[in-house]
Amino acid sequence: MNLNRNDQCWCGSGKKYKKCHIELDEKLDSLRAKGFHIPPRKLIKNKEQIEGIKESAKINNAVLDLVQEKIKIGMSTEEIDKIVHDFTVNSGAIPAPLNYGGFPKSVCVSINDVVCHGIPSNDTILQEGDIVNVDVSTIYNGYYSDASRMFMIGNVAEEDRKLVRVAKECLEKGFEAVRPWGFLGDIGAVIQEHAEVNGFSVVRSFGGHGVGLEFHEDPFVAHYGKKGEGMVLVPGMVFTIEPMINQGDYEVFVDEDDDWTVFTEDGGYSAQWEYTVLVTEEGAEIIAK
Ligand code: MF3
Ligand code: CO
């Protein structure tokens, strides 16, 4: 797309190109020419889109707050699904997981050695000592948001509490590594370092993702890697950071019967926390948590 300085900007702001994205585009072009991996334009959200994603995230955050208030020992994961579904729909929103690629429920609930994509069921009851990930994703007015939290049921073993704590620290450190004109690899590097010094491993075959106009957009956000590598982080990018941290090895497998539930290969427990984050001119912002 070759725009003149006085044309309307491509982003839809209605402003002239020279008063809007021209400076950013010139910077991106020069970085691209130097061989850096630059995000395509569609991954850079404009003001209106960012506002839309934030509205979606408000509902998503409220759903997780409600789950946090209600979750308790003896509850089935089906009951969590109902809480999420009903609150989301009553807010005028849509639970993004429902029917996504055939996923049958409104939320993912992943317990102990389930890494992610656990399907709520009447037969799965929260038990003393469980560590539980509840992963909530919302579509509101066409905009997507995505976040997850861990919950500990009753008395949880010390080593499992440590896993939950370190996974949260991994997410926080990953978020702190987000800065404009930094790299995706900066995020993965700090997460991998923190997980491994604590004796844990980082799941490789699943990761974070761009989000906002669709549920899963580019880029793939690896939770391992090297500082200074991968895509350049540009203001306006919105993506998730959602490290899955394992007590044992990082290998996982998908349940052959339901084609969704992801388990650790070795049966060790896995913990995950997720934010949706926005890269800003100054740094970064947590949108959904
Ligand atoms: N919420 C998950 C994520 O963080 C995706 C779940 S896909 C589903 O990316 F279909 F299982 F919901
Ligand atoms: Co996600």
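Quick reminder: no glycine exception, Cβ is built from N, Cα and C everywhere.
What you are looking at is a predicted structure, and each value in this text was computed from that prediction instead of being measured.
Going by what TrEMBL states, the divalent metal cation 1 site holds Asp135, Glu274, and the candidate of Asp123, Asp146 recorded there is Asp146. Listed by TrEMBL as binding divalent metal cation 2 are Asp146, His209, Glu274; the candidate from Glu172, Glu176, Glu242 that the record includes in that site is Glu242. Taking all protein chains in view, 21 other C-beta atoms sit within 10 angstroms of the C-beta of His117 (substrate binding site). One way to see the shell of the divalent metal cation 1 site is to take the Cβ centroid of Asp135, Asp146, Glu274; the remaining same-chain residues with a Cβ within 8 Å of it are Cys108, Val136, Ser137, Ala147, Ser148, Thr240, Glu242, Thr276, Ala288. By the criterion of other Cβ atoms within 10 Å of the residue's own Cβ, the least surrounded of the binding-site residues His209, His216 is His216.
Within 10 Å of Glu242 (divalent metal cation 2 binding site), judged by CA to CA distance, lie the following binding-site residues from the set His117, His216, Glu274: Glu274.
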